[in-house]
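Feature annotation from Swiss-Prot assigns domain 'Protein kinase' to 12-267; the stated evidence is sequence analysis. According to Swiss-Prot, the ATP binding site annotation covers Leu18, Gly19, Lys20, Gly21, Thr22, Phe23, Gly24, Lys25, Val26, Lys41. Annotation comment: Swiss-Prot describes Asp135 as active site, proton acceptor, evidence class sequence analysis. Residues or ranges marked as region 'Activation loop' by Swiss-Prot on the basis of similarity to another entry: 153-182. Among the features that Swiss-Prot reports, domain 'NAF' is placed at 298-333, with the record citing sequence analysis. Residues or ranges marked as region 'PPI' by Swiss-Prot: 338-367.
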Amino acid sequence: MESRGKILMERYELGRLLGKGTFGKVHYARNLESNQSVAIKMMDKQQVLKVGLSEQIRREITTMRLVAHKNIVQLHEVMATRNKIYFVMEYVKGGELFEKVAKRGKLTEVVAHKYFQQLISAVDYCHSRGVYHRDLKPENLLLDENENLKVSDFGLSALSESKRQDGLLHTTCGTPAYVAPEVISKIGYDGAKSDIWSCGVILFVLVAGYLPFQGPNLMEMYRKIQHGEFRCPGWFSRKLQKLLYKIMDPNPSTRISIQKIKESTWFRKGPEENRILKERTLNENTTKNVALVLGVRRKKNAHEDVKPMSVTNLNAFEIISFSKGFDLSGMFIVKEWRNEARFTSDKSASTIISKLEDVAKALNLRVRKKDNGVVKMQGRKEGRNGVLQFDIEIFEVTTSYHIIEMKQTSGDSLEYRQLLEEGIRPALKDIVLAWHGDE
């Protein structure tokens, strides 16, 4: 793209590359008139239109203009040419808070307390303006030259006007490890409550050096999030533990509010000095945990060693193998299986099973159960590339909420997609809450 030293719009001299993502790059730049250092986010117009990001960009601009707070990265101006869109933003010199955690392994409660107070101040301000961030995580928290926190990246933010008539937001946004259980359920959620949950996960990560909710795969992590299953390590002060359990309450209606957080003893007074331990050198286990916080993924099959949901009649699940696109984390996780599909259902296990059996019969598919409890479904005739075959697993998040995952294991991919789109998806519409990957 633009090389170092290039003059942009006769106003900015472009410098080094600060970072890049799927849809753009961020460069350091200098205002030629004021000599002020800025960061310029550059996006290709055609690519934005092609992938349907125009609404998200409009929202980001609107949001950033609504918020002006010392702990929020400021948007100075937006410029455009025929081919490019340029966001001129405050340049934050200190880098990501995320990098600090990765380098040290964890922070003391005293340091984490300072950052958490600044985070809550910024989030509370946003909420007072009807703005919800929806993607709060350490990577979106920057530090200035004075070690003060700055919240960035409003690309997923939602305005209060985006709510439906029920007063709730309905878009699944955010990064899996930091997302609230009600967001996962995709049944509508209060943006303020979901941001509070994410703040709690961030606080835990800062002091622990690892994520509160972990599992061998995404489904198990989601299950733990839904049930609020986490434990605080021994070096957490008692008051911090008490606050975290109130913040990461899986029930949004009883979850602590920002006002109550600000009134809590730990938030107002900080940790007890005699409870604070010195930061330790990263050991092998902590390094592994930090890798999880950083989002480093194992190359191993994401479903390896998963204990399947114990449903009486797993045969029913075989029929699910024909769906496409339900990935609750479709925005964030790169799928390791090309022909994998997931969907959610709010029906009971018995209803799902019955429906799957009906669909299998209608589509002339053979259903059989494997020894490890995974259901295998296959065609009765050999296709262009052998017999079409699928593995199916059902994961119980709650008794009335299930995630069904399907994976093609053999046969022709084109035949699989055709069967999925023309046969399976239409046949399962009565039990599907959402195909993940669909808008």
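Just so it is clear, glycine is given a Cβ too, placed from its N, Cα and C backbone atoms.
For Gly24 (ATP binding site), other Cβ atoms within 10 Å of its Cβ number 21. For Val26 (ATP binding site), the Cβ neighbour count at a 10 Å cut-off comes to 17, with all displayed protein chains included. Between the CA atoms of Leu18 (ATP binding site) and the residue listed as 'active site, proton acceptor' there is a gap of 21 Å. Cβ neighbour count for Lys20 (ATP binding site): 13 (other Cβ atoms within 10 Å of its Cβ, all protein chains included).
Lys20 (ATP binding site) and Asp135 (active site, proton acceptor) have their C-alpha atoms 18 Å apart, to the nearest angstrom. Packing around Leu18 (ATP binding site) is summarised by its Cβ count: 16 other Cβ atoms lie within 10 angstroms of its Cβ, all protein chains included.
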